[in-house]
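Chemist: Have a look at this one before I ask anything.
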């Protein structure tokens, strides 16, 4: 057992997840798989709790965006850059942690990441308006800390559970993405309203992070062992033989990071599903950053709320949008996992087809929401909720696709690369792009509340177009998924 951040033995020919249902286990089974079921679920619960805090930290800023924008006197473009800095640091750090997660003790990496991002979040609550650049810098450092968690935690769940239960546990894990996101809005808006100072929104999650760190230390084993197949048993004509003894079967040689990347680049299911996830990230990043502001501007145009000029801004839209994000996230992830479970029995391409369909419907709902925003705010909320619901359908399904089309010894690297690509081309740029387009439209027209609304409305149309592209990428995934899954099993 590893006692520190030391290199693990090179992984050998491995088999779990998608192939587990087809192979009987020999006597040499991973410790994590033979542990009592109660312990495995307890470990998963700790990981889910930390994932909740992870995404709460992501969406504290959007929850009080109007206050931050006014406090630091930022334009729409500058405000969008705030989230872009966070995502850029997050995605650039992800491949590093993917490399470390495939080779070193994952518990230590997770603990260090939780401590780091919680400390930085607390520090960012003490920045005043003269040092906005420090606030930007600290948000970027928080992104580095969260990258360590998002990259490694799913692989631990994959090691703990077999295929059927793995899909269920991943679904539960990914439910905490929208739940944490929504609670981030609720926490930020609630603390700003209760204290009259938005800085207090950054002082709650660090305490929760401290609890997560203690639970990680006490309840999670020092080493979550990967399931190897160096001694796995194969059933051949009713006789159990060890794979290593079968002629022509050899242990998988240790590969370099570059070799892993080249292999993943040839895996078309991984490539197209990653591009589909990129489109999802683009849309969710833009919506998560700007929807409360868009709703506020629509309400000002309709005369529902007064303009926020001097006093603390009304946070009701953040609270409502946070509730929508939580509800649609839970329903969407559960619906996606259940649809995948049922449809896989009749169609081997069910997973990418579910993702494609949900992306097309989501894009349509978001477009309708934009078109009715100036005249009917209730309809806008309804169609935004439907758009988020169908986006959430894909979270667990996309990850499950990766886990059965990529061999186990490359999964941390694959997740890290998927994070890099999806954020680089997705939500790293979408908040800034939407803000920049909005700012450019405002500059070319008279400064008014009407044009402030229209500029945001026109810039948001980009999201509907990207959503349609995402659906097309998942359709392309369906053409290759059967072949790539068989290759991963081999």
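Cβ coordinates are placed from backbone N, Cα and C, and glycine is handled just like the others.
Where the annotation comes from TrEMBL, it is an automatic prediction and has not been curated.
In case it helps, TrEMBL gives these features for our protein:
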TRANSMEM  41-61  transmembrane segment
DOMAIN    43-485  domain 'Major facilitator superfamily (MFS) profile'
TRANSMEM  81-101  transmembrane segment
TRANSMEM  108-127  transmembrane segment
TRANSMEM  133-157  transmembrane segment
TRANSMEM  169-188  transmembrane segment
TRANSMEM  200-220  transmembrane segment
TRANSMEM  270-291  transmembrane segment
TRANSMEM  319-340  transmembrane segment
TRANSMEM  352-372  transmembrane segment
TRANSMEM  378-403  transmembrane segment
TRANSMEM  415-438  transmembrane segment
TRANSMEM  458-481  transmembrane segment
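I would like each feature placed in context: is it buried or exposed, what are its neighbours, and how far apart are things?
Modeler: Outside the transmembrane segment (41-61), and at least 6 residues removed from its termini, the chain residues within Cβ reach (under 8 Å) are 68, 82-83, 86, 110, 114, 117-118, 121, 139, 142, 146, 149-150, 153, 156-157, 160-161, 169, 172-173, 176-185, 187-188, 201-202, 205, 208-209, 212, 215-216, 219-221, 224, 288, 322.
Non-local neighbours of the transmembrane segment (169-188) in the same chain are 44, 47-49, 51-64, 153-154, 157-158, 160-161, 198, 201, 204-205, 288, 292, 315, 318-319, 321-330, 332-334, 336-337, 388, 392, 395-396, 399-400, 403; each lies 6+ residues outside the stretch with a CB under 8 Å from one of its CB atoms.
Residues of the same chain lying 6 or more positions beyond the ends of the transmembrane segment (270-291) and with a Cβ under 8 Å from any Cβ of it are 58-59, 62, 65, 80, 83, 87, 181, 264, 317, 321, 325, 352, 355-356, 359, 362-363, 366, 384, 387-388, 391, 394, 398, 401-402, 405-406, 414, 417-418, 421-423, 425-431, 433-435, 456, 460, 462-463, 466-467, 469-471, 473-474, 476-477, 480, 484.
Tertiary neighbourhood of the transmembrane segment (319-340): same-chain residues 59, 63, 167-168, 170-171, 174-175, 177-179, 181-186, 189-190, 288, 291-292, 295, 350-351, 354, 358, 381, 384-386, 388-397, 400, selected by CB-CB distance under 8 Å and a gap of 6+ residues from either end.
Long-range contacts of the transmembrane segment (378-403) within the same chain: residues 17-18, 154, 158, 166-167, 170-171, 173-175, 177-178, 269-270, 273, 276-277, 280, 283-284, 287, 291, 295, 298, 320-321, 324-325, 327-329, 331-333, 335-337, 339-340, 351-352, 354-355, 358-359, 361-363, 365-366, 368-369, 372, 411, 414-415, 418, 477, 481, each at least 6 residues beyond the stretch ends and with a Cβ under 8 Å from a Cβ of the stretch.
Distant neighbours of the transmembrane segment (415-438): 75-84, 87-88, 90-92, 94-99, 101, 147, 150-151, 154-155, 261, 264, 270, 274-275, 277-286, 288-290, 399, 402, 455-456, 458-460, 462-463, 466; these residues of the same chain sit at least 6 beyond its ends, with a Cβ under 8 Å from one of its Cβ atoms.
Remote same-chain residues near the transmembrane segment (458-481) are listed as 268-269, 272-273, 275-276, 278-280, 282-283, 286-287, 290, 294, 348-349, 351-353, 355-357, 359-360, 362-364, 366-367, 370, 401, 405, 430, 433-435, 437-438, 441 (criterion: CB distance under 8 Å, separation of at least six residues from the stretch ends).
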Chemist: Taking a Cβ cut-off under 8 Å, which residues six or more beyond the ends of the transmembrane segment (81-101) line up next to it in the same chain?
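Modeler: Cβ under 8 Å, 6 or more out: 58, 61-62, 68, 74, 109, 113, 135-137, 139-144, 146-148, 150-152, 155, 257, 285, 289, 412-417, 419-420, 422-424, 427-429, 431-432, 435.
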Chemist: Express the predicted model's confidence over the domain 'Major facilitator superfamily (MFS) profile' (43-485) as a mean pLDDT, rounded to an integer.
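Modeler: When the pLDDT values over the domain 'Major facilitator superfamily (MFS) profile' (43-485) are averaged, the result is 83.
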